[in-house]
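Student: Here you go, one structure.
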Amino acid sequence: MSSYANHQALAGLTLGKSTDYRDTYDASLLQGVPRSLNRDPLGLKADNLPFHGTDIWTLYELSWLNAKGLPQVAVGHVELDYTSVNLIESKSFKLYLNSFNQTRFNNWDEVRQTLERDLSTCAQGKISVALYRLDELEGQPIGHFNGTCIDDQDITIDNYEFTTDYLENATCGEKVVEETLVSHLLKSNCLITHQPDWGSIQIQYRGRQIDREKLLRYLVSFRHHNEFHEQCVERIFNDLLRFCQPEKLSVYARYTRRGGLDINPWRSNSDFVPSTTRLVRQ
């Protein structure tokens, strides 16, 4: 269990509780979780973070009524800056989006502006929102993470409790390499409900070579770990930076959707540009 799982800041969340579904607009449904909850135990300070990045959300179940009452549907793309005070709790996000269902808006841009305003207020940070008509995305190919997949190793694993022990002495040699490693075996659990979260992760770095077996064992150790998606990515970035000390590092995870939403956080200390094309499990 994470050290802050019972923090009072989490007590008021609707997550893990029975809730009513409202279908008329209600911005108060949105709930934020302070990023400091997981950053403080990691020694990360808001004014001196070792990374930049965003939390990329895809909204697959977004619908509202136009001015004449005709339902509209869209796919939304949201990017929340890493400097925001709060991350956005996903169940509250789903409930908030449901409140658009029977609400009339004059045009698409009004919907976009409403989302941008409310999400920014909840997160207390910079956010961007784009809405796409379905025909704009038809034929969009399934993407993949560029890099070398480390999953097909002939190793025995019998411990699934989170530990950084695998990263100790996990670099080999003095030669500086630049490579991108990928795993589809990332599985963690919701901080509150402990429901499984399934993801693929891309790790791009420049530095002494990281032992792939030790890295895979470390990633698999998240299997019983309870944290939100964004928190897991920041923990992985911080652990790799601390133990492996790469000159450059980027960590990007794309998680499978739940409740019509997928969350795809990335953190980097270089000029990393994430691909936003959905992966095969998304």
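Glycine is no exception: its Cβ is also placed from the backbone N, Cα and C atoms.
Sharing the record's features from Swiss-Prot:
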{"type": "ACT_SITE", "residues": "C190", "note": "active site, thioimide intermediate"}
{"type": "ACT_SITE", "residues": "D197", "note": "active site, proton donor"}
{"type": "BINDING", "residues": "I88, E89, S90, H229, E230", "note": "substrate binding site"}
{"type": "BINDING", "residues": "S90, K91, R258, G259", "note": "NADPH binding site"}
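Help me picture these features in the structure, burial and contacts included.
Tutor: The local packing around C190 (active site, thioimide intermediate), expressed as other Cβ atoms within 10 Å of its Cβ over all shown chains, amounts to 18.
According to DSSP, D197 (active site, proton donor) is assigned to a strand segment. Counting only same-chain residues six or more apart in sequence, the Cβ atoms lying under 8 angstroms from the Cβ of D197 (active site, proton donor) belong to K187, S188, N189, C190, H229, C232, Y255, T256, R258.
The number of other CB atoms found within 10 A of the CB of E230 (substrate binding site), across every protein chain shown, is 24.
According to its DSSP assignment, K91 (NADPH binding site) is helical.
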Student: What is the number of other Cβ atoms found within 10 Å of the Cβ of I88 (substrate binding site)?
Tutor: 26
Student: Out of H229, R258, give me whichever of these binding-site residues has the highest number of other Cβ atoms within 10 Å.
Tutor: H229
